[in-house]
Amino acid sequence: MSIAIVTDSTSDLTPEHLAALGVTGVPLYVLFEGQLYQDGVQLSARQLVEGVRAGKAIPSTSQPSPAEFAQAYAQALEHADEVLSLHISGQLSGTVGSARLAAQEFGGRVTVVDTHTVTLGLGLQVLRAAELVRAGQSVPQIVQTLERVYPQADLRFTVDTLDFLRLNGRIGGASALLGGLLNIKPLLVVRGGRVDAGGRVRGQKKALADLAEHVRRYVSQHGGARVAFLATVGGEEDRAAVRAQLSDLHFQDMGDHEIGAVVTVHAGPGAVGVALEPLSA
(Lines of atoms letter the chains of each structure in order from A and count residues from 1; the text may use other names and numbers.)
(Lines give C-alpha, C1' and ligand atoms only; values in the text may rest on other atoms or scores of the structure.)
Protein backbone atom coordinates (compact mmCIF):
# COMPACT_ATOMS: atom_id res chain seq x y z
CA MET A 1 0.00 0.00 0.00
CA SER A 2 1.53 3.30 -1.07
CA ILE A 3 1.07 6.33 1.17
CA ALA A 4 1.06 10.03 0.26
CA ILE A 5 1.61 12.68 2.91
CA VAL A 6 -0.23 16.01 2.98
CA THR A 7 0.47 18.85 5.39
CA ASP A 8 -0.17 22.58 5.57
CA SER A 9 2.01 25.64 5.21
CA THR A 10 2.45 26.10 8.96
CA SER A 11 4.95 23.21 8.93
CA ASP A 12 7.36 25.90 7.69
CA LEU A 13 9.16 23.39 5.49
CA THR A 14 10.06 25.09 2.22
CA PRO A 15 8.27 24.11 -1.01
CA GLU A 16 11.60 22.68 -2.21
CA HIS A 17 11.95 20.56 0.92
CA LEU A 18 8.38 19.29 0.65
CA ALA A 19 8.88 18.46 -3.03
CA ALA A 20 12.04 16.50 -2.23
CA LEU A 21 10.06 14.50 0.32
CA GLY A 22 7.11 14.01 -2.03
CA VAL A 23 4.85 15.82 0.45
CA THR A 24 1.97 18.09 -0.59
CA GLY A 25 1.61 21.36 1.32
CA VAL A 26 -1.79 23.10 1.41
CA PRO A 27 -1.37 26.82 2.15
CA LEU A 28 -3.26 28.73 4.82
CA TYR A 29 -4.25 32.35 4.17
CA VAL A 30 -3.18 35.74 5.45
CA LEU A 31 -5.77 38.53 5.40
CA PHE A 32 -3.69 41.67 4.86
CA GLU A 33 -5.06 45.09 4.00
CA GLY A 34 -8.37 43.61 2.87
CA GLN A 35 -6.78 41.01 0.57
CA LEU A 36 -6.43 37.24 1.07
CA TYR A 37 -2.98 35.83 0.26
CA GLN A 38 -1.82 32.23 0.21
CA ASP A 39 0.91 31.68 2.78
CA GLY A 40 4.29 31.40 1.09
CA VAL A 41 2.72 31.43 -2.38
CA GLN A 42 1.30 34.92 -2.78
CA LEU A 43 2.84 36.48 0.33
CA SER A 44 6.18 35.83 2.00
CA ALA A 45 6.96 36.43 5.65
CA ARG A 46 9.39 39.16 4.63
CA GLN A 47 6.74 41.01 2.61
CA LEU A 48 4.37 40.78 5.57
CA VAL A 49 6.93 42.17 8.02
CA GLU A 50 7.89 44.98 5.66
CA GLY A 51 4.22 45.94 5.39
CA VAL A 52 3.69 45.97 9.16
CA ARG A 53 6.88 47.99 9.69
CA ALA A 54 5.58 50.48 7.11
CA GLY A 55 2.56 51.08 9.31
CA LYS A 56 0.00 48.66 7.90
CA ALA A 57 -2.32 46.96 10.39
CA ILE A 58 -1.31 43.59 11.83
CA PRO A 59 -3.01 41.00 9.57
CA SER A 60 -5.08 37.97 10.51
CA THR A 61 -5.09 34.39 9.22
CA SER A 62 -7.56 31.85 7.88
CA GLN A 63 -7.55 28.11 7.23
CA PRO A 64 -7.91 26.45 3.83
CA SER A 65 -11.39 25.33 2.82
CA PRO A 66 -12.48 21.67 2.83
CA ALA A 67 -12.65 21.92 -0.97
CA GLU A 68 -8.95 22.80 -1.14
CA PHE A 69 -8.07 19.77 0.97
CA ALA A 70 -10.38 17.57 -1.10
CA GLN A 71 -8.53 18.66 -4.24
CA ALA A 72 -5.16 17.88 -2.64
CA TYR A 73 -6.37 14.46 -1.50
CA ALA A 74 -7.85 13.60 -4.89
CA GLN A 75 -4.58 14.47 -6.60
CA ALA A 76 -2.56 12.48 -4.06
CA LEU A 77 -4.79 9.43 -4.45
CA GLU A 78 -4.15 9.38 -8.19
CA HIS A 79 -0.76 7.83 -7.38
CA ALA A 80 -1.19 6.52 -3.82
CA ASP A 81 -3.50 4.10 -2.04
CA GLU A 82 -3.81 6.17 1.14
CA VAL A 83 -3.18 9.69 2.42
CA LEU A 84 -1.77 10.68 5.80
CA SER A 85 -2.61 14.33 6.48
CA LEU A 86 -0.69 16.08 9.29
CA HIS A 87 -1.73 19.52 10.53
CA ILE A 88 -1.34 22.45 12.90
CA SER A 89 -2.94 22.11 16.34
CA GLY A 90 -6.71 22.36 16.28
CA GLN A 91 -6.49 24.76 19.23
CA LEU A 92 -4.51 27.21 17.11
CA SER A 93 -6.36 26.93 13.78
CA GLY A 94 -9.45 25.47 12.17
CA THR A 95 -7.24 23.84 9.52
CA VAL A 96 -7.52 20.30 10.88
CA GLY A 97 -11.31 20.67 10.93
CA SER A 98 -11.34 21.54 7.23
CA ALA A 99 -9.09 18.56 6.53
CA ARG A 100 -11.37 16.18 8.44
CA LEU A 101 -14.44 17.40 6.57
CA ALA A 102 -12.68 16.82 3.26
CA ALA A 103 -11.45 13.37 4.34
CA GLN A 104 -15.04 12.17 4.72
CA GLU A 105 -15.36 12.16 0.93
CA PHE A 106 -12.71 9.47 0.44
CA GLY A 107 -14.10 6.36 2.11
CA GLY A 108 -11.47 5.91 4.79
CA ARG A 109 -8.49 6.37 2.47
CA VAL A 110 -7.47 9.64 4.18
CA THR A 111 -6.28 9.74 7.79
CA VAL A 112 -6.09 13.22 9.37
CA VAL A 113 -3.85 13.86 12.38
CA ASP A 114 -3.92 16.85 14.71
CA THR A 115 -0.23 17.14 15.65
CA HIS A 116 -0.99 19.47 18.59
CA THR A 117 1.83 21.77 17.51
CA VAL A 118 2.90 24.23 14.83
CA THR A 119 5.83 25.47 12.73
CA LEU A 120 8.83 23.10 12.97
CA GLY A 121 7.08 21.12 15.69
CA LEU A 122 4.72 20.09 12.88
CA GLY A 123 7.57 20.05 10.37
CA LEU A 124 9.56 17.50 12.39
CA GLN A 125 6.51 15.22 12.52
CA VAL A 126 6.15 15.50 8.75
CA LEU A 127 9.82 14.60 8.31
CA ARG A 128 9.48 11.61 10.64
CA ALA A 129 6.33 10.42 8.87
CA ALA A 130 8.11 10.62 5.50
CA GLU A 131 10.97 8.53 6.91
CA LEU A 132 8.51 5.92 8.19
CA VAL A 133 6.72 5.78 4.83
CA ARG A 134 10.07 5.08 3.16
CA ALA A 135 10.71 2.38 5.78
CA GLY A 136 7.52 0.62 4.70
CA GLN A 137 5.34 1.29 7.73
CA SER A 138 1.55 1.41 7.43
CA VAL A 139 -0.59 4.45 8.26
CA PRO A 140 -1.72 2.99 11.63
CA GLN A 141 1.91 2.22 12.54
CA ILE A 142 3.01 5.74 11.63
CA VAL A 143 0.16 7.32 13.59
CA GLN A 144 1.04 5.21 16.64
CA THR A 145 4.66 6.37 16.41
CA LEU A 146 3.65 10.03 16.11
CA GLU A 147 1.33 9.64 19.10
CA ARG A 148 4.27 8.34 21.14
CA VAL A 149 6.54 11.15 19.97
CA TYR A 150 4.13 14.04 20.47
CA PRO A 151 4.06 14.03 24.31
CA GLN A 152 7.87 14.05 24.32
CA ALA A 153 8.29 16.73 21.66
CA ASP A 154 8.99 20.33 22.57
CA LEU A 155 8.66 23.76 20.97
CA ARG A 156 10.10 26.70 22.90
CA PHE A 157 10.58 30.25 21.67
CA THR A 158 10.86 33.87 22.62
CA VAL A 159 9.19 36.81 20.89
CA ASP A 160 10.11 40.46 20.64
CA THR A 161 6.58 41.45 21.69
CA LEU A 162 3.40 39.65 22.76
CA ASP A 163 1.26 42.16 20.86
CA PHE A 164 0.90 39.95 17.78
CA LEU A 165 -0.28 36.93 19.80
CA ARG A 166 -2.64 39.10 21.84
CA LEU A 167 -4.21 40.88 18.87
CA ASN A 168 -4.83 37.61 17.03
CA GLY A 169 -6.27 35.77 20.03
CA ARG A 170 -3.61 33.03 20.10
CA ILE A 171 -1.97 34.05 23.38
CA GLY A 172 -3.56 31.30 25.49
CA GLY A 173 -1.82 30.74 28.82
CA ALA A 174 0.92 33.15 27.82
CA SER A 175 -1.41 35.98 28.85
CA ALA A 176 0.21 35.65 32.27
CA LEU A 177 3.30 37.26 30.74
CA LEU A 178 1.55 40.40 29.48
CA GLY A 179 2.71 43.67 30.96
CA GLY A 180 5.61 43.62 33.36
CA LEU A 181 8.86 45.51 33.46
CA LEU A 182 10.79 47.04 30.60
CA ASN A 183 13.12 44.64 28.77
CA ILE A 184 11.46 41.54 30.22
CA LYS A 185 11.51 38.86 27.53
CA PRO A 186 8.75 36.23 27.49
CA LEU A 187 9.59 32.57 27.01
CA LEU A 188 6.78 30.63 25.38
CA VAL A 189 6.02 26.97 24.78
CA VAL A 190 3.46 25.07 22.76
CA ARG A 191 1.96 22.69 25.30
CA GLY A 192 -1.19 20.63 24.90
CA GLY A 193 -1.73 22.18 21.50
CA ARG A 194 -1.81 25.80 22.72
CA VAL A 195 0.66 28.61 23.40
CA ASP A 196 1.57 28.74 27.08
CA ALA A 197 3.92 30.64 29.34
CA GLY A 198 7.37 29.15 29.71
CA GLY A 199 8.79 31.88 31.95
CA ARG A 200 10.41 35.24 31.50
CA VAL A 201 13.89 36.69 31.84
CA ARG A 202 15.44 40.12 31.71
CA GLY A 203 17.01 40.90 28.34
CA GLN A 204 17.39 39.14 25.03
CA LYS A 205 20.80 37.69 25.90
CA LYS A 206 19.29 35.73 28.79
CA ALA A 207 16.36 34.65 26.64
CA LEU A 208 18.72 33.15 24.07
CA ALA A 209 20.77 31.50 26.82
CA ASP A 210 17.56 29.97 28.15
CA LEU A 211 16.77 28.45 24.75
CA ALA A 212 20.26 26.97 24.50
CA GLU A 213 20.12 25.58 28.04
CA HIS A 214 16.69 24.12 27.30
CA VAL A 215 18.18 22.20 24.36
CA ARG A 216 20.98 20.89 26.60
CA ARG A 217 18.52 19.66 29.21
CA TYR A 218 16.33 18.04 26.58
CA VAL A 219 19.23 16.22 24.92
CA SER A 220 20.43 14.99 28.32
CA GLN A 221 16.98 13.79 29.38
CA HIS A 222 16.26 11.99 26.11
CA GLY A 223 19.71 10.61 25.36
CA GLY A 224 19.88 12.65 22.16
CA ALA A 225 17.44 14.68 20.10
CA ARG A 226 16.44 16.04 16.73
CA VAL A 227 16.76 19.82 16.94
CA ALA A 228 15.50 22.46 14.50
CA PHE A 229 16.37 26.14 14.88
CA LEU A 230 13.74 28.63 13.78
CA ALA A 231 13.23 32.37 13.51
CA THR A 232 10.88 34.91 12.05
CA VAL A 233 12.23 37.75 9.92
CA GLY A 234 14.61 39.79 12.05
CA GLY A 235 15.50 36.88 14.33
CA GLU A 236 18.20 35.34 12.16
CA GLU A 237 21.17 36.61 14.18
CA ASP A 238 19.59 35.48 17.44
CA ARG A 239 18.95 32.05 15.93
CA ALA A 240 22.64 31.85 15.02
CA ALA A 241 23.55 32.92 18.56
CA VAL A 242 21.53 30.07 20.06
CA ARG A 243 23.17 27.60 17.70
CA ALA A 244 26.64 28.95 18.54
CA GLN A 245 26.06 28.27 22.24
CA LEU A 246 25.49 24.60 21.39
CA SER A 247 28.56 24.03 19.24
CA ASP A 248 29.92 21.44 21.69
CA LEU A 249 26.65 19.48 21.99
CA HIS A 250 25.93 16.37 19.94
CA PHE A 251 22.42 16.15 18.44
CA GLN A 252 20.73 15.44 15.12
CA ASP A 253 20.73 18.83 13.46
CA MET A 254 17.51 19.42 11.52
CA GLY A 255 18.70 22.77 10.17
CA ASP A 256 17.84 26.46 10.30
CA HIS A 257 14.32 27.43 9.24
CA GLU A 258 12.48 30.66 8.49
CA ILE A 259 9.02 30.84 10.00
CA GLY A 260 6.41 31.54 7.34
CA ALA A 261 3.88 34.32 6.97
CA VAL A 262 0.99 32.71 8.86
CA VAL A 263 2.98 31.95 12.01
CA THR A 264 4.74 35.32 11.73
CA VAL A 265 1.32 37.00 11.94
CA HIS A 266 1.06 35.59 15.47
CA ALA A 267 4.70 35.57 16.62
CA GLY A 268 5.78 38.87 15.06
CA PRO A 269 9.22 39.77 13.70
CA GLY A 270 12.31 38.97 15.75
CA ALA A 271 11.03 35.70 17.23
CA VAL A 272 13.48 32.82 17.69
CA GLY A 273 12.98 29.29 18.93
CA VAL A 274 13.85 25.61 18.93
CA ALA A 275 11.78 22.55 18.03
CA LEU A 276 12.87 19.26 19.56
CA GLU A 277 11.97 15.59 19.28
CA PRO A 278 13.50 12.43 20.73
CA LEU A 279 15.66 10.51 18.28
CA SER A 280 13.34 7.51 18.42
CA ALA A 281 9.93 6.69 19.77
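Cβ atoms are placed via backbone N, Cα and C, with glycine included.
Taken from Swiss-Prot, the feature domain 'DegV' applies to 3-278, supported by sequence analysis.
The hexadecanoate binding site feature in Swiss-Prot is assigned to THR61, SER93. For THR61 (hexadecanoate binding site), the Cβ neighbour count at a 10 Å cut-off comes to 23, with all displayed protein chains included.
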Cβ-Cβ distance under 8 Å to SER93 (hexadecanoate binding site), same chain, at least six residues away: THR10, LEU28, THR61, GLN63, HIS87, VAL118
